[in-house]
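Worksheet: the structure to be examined is printed underneath.
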Amino acid sequence: MDLKVKIGNQILPNPVGVASGTFGYGEEYGELIDLSKLGAIYTKAVTVLPREGNRLPRLTETPNGMINSIGLANSGVEGFLKNKVPFLNTIKSCKNIVNVAGSTEDEYVKVVEMIDHVESVWGYEINISCPNVKCGGLAFGTDPIQVERLTRVIKSKTKKPVIMKLTPNVTDITTVATACEIGGADAVSCINTVMGMKIDIHKKQPAIYQKTGGLSGPAIKPVGVAAVYRVSKKITIPVVGLGGIMNAEDAIEYFLAGASAIQVGTANFINPNAPLDILDGIKDYMKENNLNKISDFHGFID
Ligand SMILES: Cc1cc2nc3c(=O)[nH]c(=O)nc-3n(C[C@H](O)[C@H](O)[C@H](O)COP(=O)(O)O)c2cc1C
């Protein structure tokens, strides 16, 4: 069985990664799970300058999911290089993919330029889809012309794989995915969180300070599967699927929908070993169904 996944001119050892913002920078989970067995760690977002993130409360549970409005809290690119890269340098086999966010094109480019010399960074996931920051992020992710230009500029600054992370909060996600492909992206990942809101009826106030936030977890899985299905029919570069993957069955749905790799997000908060349990379940299913490689999942569904 061959679990390798090719993205651009590079290879992931297996298709199971951990989603940005749900796994810190790897170190936080190092004692809980054998990181070397993961396909990829997609880091928490890195921005040019440190960000405190949004005011509390910024997390709340919902039926079958949670809403967050963390707001890209991180220690900035210099803090990342100084404090997070030394641990990432120790990770073997599993690939480190840095999630990059910004408010302007220049900010995205600066982060990539400052990180690109780090050998243990395998590639980038460009977050053009965060619903929790006022300018930038989501504004980029909803405009195909800006997305194409941003993709092209970032690709001109690095030889490492560039994965554009799409938002489901658009009229037609395939239009934005196509812009990524035209701009030269090596892959797209979908989906980021779905805009959501919860109101505390006793306080008669929103449950989080920002009022609306990003819904994640099982509640959004059908949205993610549909996005992956539609996007993978439209473009030829690999699609990384995520959104509500809690177990191997969920991951298999994503592969059948057209994903070449997947990410586990909210599930990590419940079971830190979920990604490796999911990897084992994928292998079992492949054995039982005589599937030898991930691309064998594709083609069952028209
Ligand atoms: C607490 C939290 C923080 C997140 N931070 C980021 C982030 O910094 N960058 C990003 O691209 N996505 C971020 N996400 C989105 C996840 O990577 C993922 O796209 C989303 O949660 C859907 O997957 P899931 O349902 O498996 O969690 C965050 C999600 C959560 C729950």
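Just so it is clear, glycine is given a Cβ too, placed from its N, Cα and C backbone atoms.
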According to TrEMBL, Lys44, Asn68, Ser69, Ile70, Gly71, Leu72, Asn192, Thr193 bind substrate; which one of Asn9, Asn127, Asn247 is listed for that same site? Asn127
May I ask you to find which of Lys165, Lys283, Lys287, Lys293 TrEMBL records for the FMN site already listed with Ser20, Lys44, Ala45, Asn99, Asn127, Ile191, Gly217, Gly243, Gly244, Gly265, Thr266? Lys165
Which binding-site residues among Ser20, Gly71, Gly265 have CB under 6 Å of ligand 1? Ser20, Gly265
Surrounding CB atoms that lie within 10 Å of the CB of Gly71 (substrate binding site), all protein chains: 22
Gly71 (substrate binding site) and Ala45 (FMN binding site), Cα-Cα, nearest whole angstrom: 10
For Thr193 (substrate binding site), the spatially nearest of the binding-site residues Ser20, Asn127, Gly243, Gly265, using Cα atoms, is Gly243
Using C-alpha atoms only, work out the spacing between Lys44 (substrate binding site) and Asn127 (FMN binding site) and round it to an integer in Å. 10
Could you give the Cα-Cα distance between Ser20 (FMN binding site) and Gly71 (substrate binding site), in whole Å? 13
